[in-house]
Amino acid sequence: MECCKRYVLLVILFYLIQNNSASVTHYSIPEEMKEGSVVANLATDLSLEVKSLNQRKMRLDIIANKKYLDVNKETGELYIVEKIDREYICPTKSLASCFLKLEMILENPVRIFNIEVEILDMNDNAPQFRRDTIHLDISEATPGGERFSLSNAVDPDVGFNSVKTYHLSESDYFNIEVQTGRDGSKFSELILTKALDREQHAVHNLILTAVDGGTPARSGTASVIVRVLDTNDNSPTFDQSTYNVKIMENSPIGGLVIHLNATDLDEGLNSDISYSYSLYTSEKTQQSFNLNSATGEITVKGMLNYEDFRIYDMEVIATDKGANSLSGQCTIKILVEDMNDNHPEISIKSFQSPVNENIVLDTVIAVVSVSDKDSGDNGVVDLHIPDNMPFKLRESSDNYYELVVSEPLDREKVPEYDITFTVTDRGSPPLSDNETMTLELLDVNDNVPQFPQSFYTIRVMENNAPGALLSSLTAFDPDLHENQYLVYFIVEKEIANTSMSMLFSINPENGNLYALKTFDYEIEKEFLFHIEARDSGSPPLSSNVTVHIIIVDQNDNAPVIVSPWRTHGSVVEEKIPRSTDKGSLVAKVIALDTDSVHNSRITYQFLQVTDTTLFSLDQYNGEIRTMRMFSYRDPRHQRLVVVAKDNGEPALSATVTIKLSTVETAVKAYSDMTEVPLEYDIFSDLNLYLVIGLGSVSFLLLITILVTIVLKCQKPKPSKVAPPCRNSVISERNSTIADSTLVSNDAYWYSLFLAETRKGKLVVRQPVPKGSRYIVSSIPRGSGQTETSDSAASTLQV
């Protein structure tokens, strides 16, 4: 029962569908409509209420295509969803019409409406050729009126919008005729209107245009390139019909005589030319000249001699390689000209090489002969050598020459000469020949060794290590072999009974100079000697150079405090009245440094002082003076530590400790550079007699010492070592400064002062001229005697 009910429902539904689909709604729209464009109002056309479309679940199905259309359920309008291209939907042009089939389905009750939308064609496509370029090959022998098929154009549009006709660009040789195919398509044929000539116009470029029938009409173009094929219709042609050529006798085999050139207006094999002799060309000519069949070059094949054969006649034929070959010809006359064809000859009869560089002038080195087989001016020859050589040619006999030395030779400037003998005849043009001989010069020991400098100044720092390299004194000898081998040695010279070979050594092979001992600037300041370089020639030659060795000072001596004098490690004790005025000289520190220049410049400063407000120290002359008067609050004992420092790098120094004690008793001051007698508590007559006797003996002794010193200082010394009259110092402790004088000279200074001790007075000079020593003279109390002694040398320099 249930199955029967279902069957009845299906029959009823099928009946309804059949009734609903019986009618079809038809619309027509052009292609390429914009998206959103309204095609029609389906609700109105199908008599449907717009309000019921949503309730009845209206939907639109498109059959066999994508969804290009849709229905607005609010208004019932059919509108464009996506732009429609007719050529895409209906690519087959055989279909006259193009449709989109739709079904609109409604429910409650179910109704189905069939809708057909016809897509109308628009002229939106231009005709287009399958190939942009059409190539045609047409022989120039093709007669007029011949037809050639051309590729047709296609247009996706239909009807009037498809290809309607063709046009050809203007041409004197071609035209077209438009044909209609069975399917209605249009195509064209190219018609040759008159015969072609490849030699005038080898390629024809045409433009074929296809035009459709749309409004406005559209068109497409293709290039038609017609290449004219050649036929052998032109004969080869020479530039001239007759050629006259002149050639010199004895021209080289293979030399070019003439290059024939025939041209053919055809192309390919029709223009490919070969050259050949005609039957009228003699066997002698063909043996003497060669004709290149491919290039047309005529070259010398055999020897040409003006005296044997003077004129050659020939006929040359040019033939192309076409199917029906064509040819052309020309005649050639070759005239042989006489020439100076025999070169002069040169022969070296004798040549002496090598020779000594000191060869005597006018010595014969070589004998040369010349000849020429020609006659007249062509057989007259001249021989010469380059002008810039120390040789000359001297004619000895007919066509014989001697080569002699005309200038002194020097192997060191030019070790060898390439002498070129050139012989030239007087023909026109002249011919010449040459031969080169090499003259080698043997070395003679004629050059002395040469030092780069005539005087060497070498600075050596004192305290050098023995065996240290001082310099390399290398000489040069331009000679060769044993004449060039040099030996170096020191020219013996004694200084202060010392040979230079004991102080210095030189490597005999390379000239390296070494020091054999350690030098002390305070003892030796410079050396002057000679180095000799001698070659190994026979006889040997030599030269020497002066060497000046300068010893450079180092700061290797510390200052020595000579005043106030004290024994090693002891303290100097001095007494000073408590009533001493401000600015009074309390003590003077004098230090000496045996170094030189800035290494000996000494400055003074306090290292320790009991009261910094009481004493001042001059940093240059070492004077200690009071800055104020003593007060009852000042302690009785003052301790002063003074350091004397030189100007070396690094600086060296010495210190002295002075212990000052103030006393209440007055002490008389000393006047400048004058002797002030001392008072004694006990002065008896016996003491007076003893002092007078002692003074007399001392005065005589002083006179004797002064005379001896003057005589010794006047004697010349053989060496530069400091003379024995250089000054030295012996100071005594507990000395009291009496006076001093400071003398300035540029950056250096020296002082002359008088100091008095318990035993007498001291006169000290510091420093004296360069290289001298300093002297301290001791003058005992109450007498005119002076005692002098020497000490170590000082090199405080001015």
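These residue numbers are counts, starting from 1, taken along the chain as shown.
Keep in mind that glycine also has a Cβ here, set from the backbone N, Cα and C atoms.
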Open item on the list: Need the matching range: TrEMBL marks region 'Disordered' on one of 339-358, 779-798, and I'd like to know which.
Closed with: 779-798
Open item on the list: For a three-state summary based on DSSP, what are the helix, strand and coil counts in the domain 'Cadherin' (130-238)?
Closed with: 3 helix, 55 strand, 51 coil
TODO: Report the DSSP secondary-structure composition of the domain 'Cadherin' (452-561) as helix, strand and coil residue counts.
DONE: 7 helix, 52 strand, 51 coil
Task: For the domain 'Cadherin' (347-451), the number of residues DSSP places in helix, strand and coil - done: 4 helix, 54 strand, 47 coil
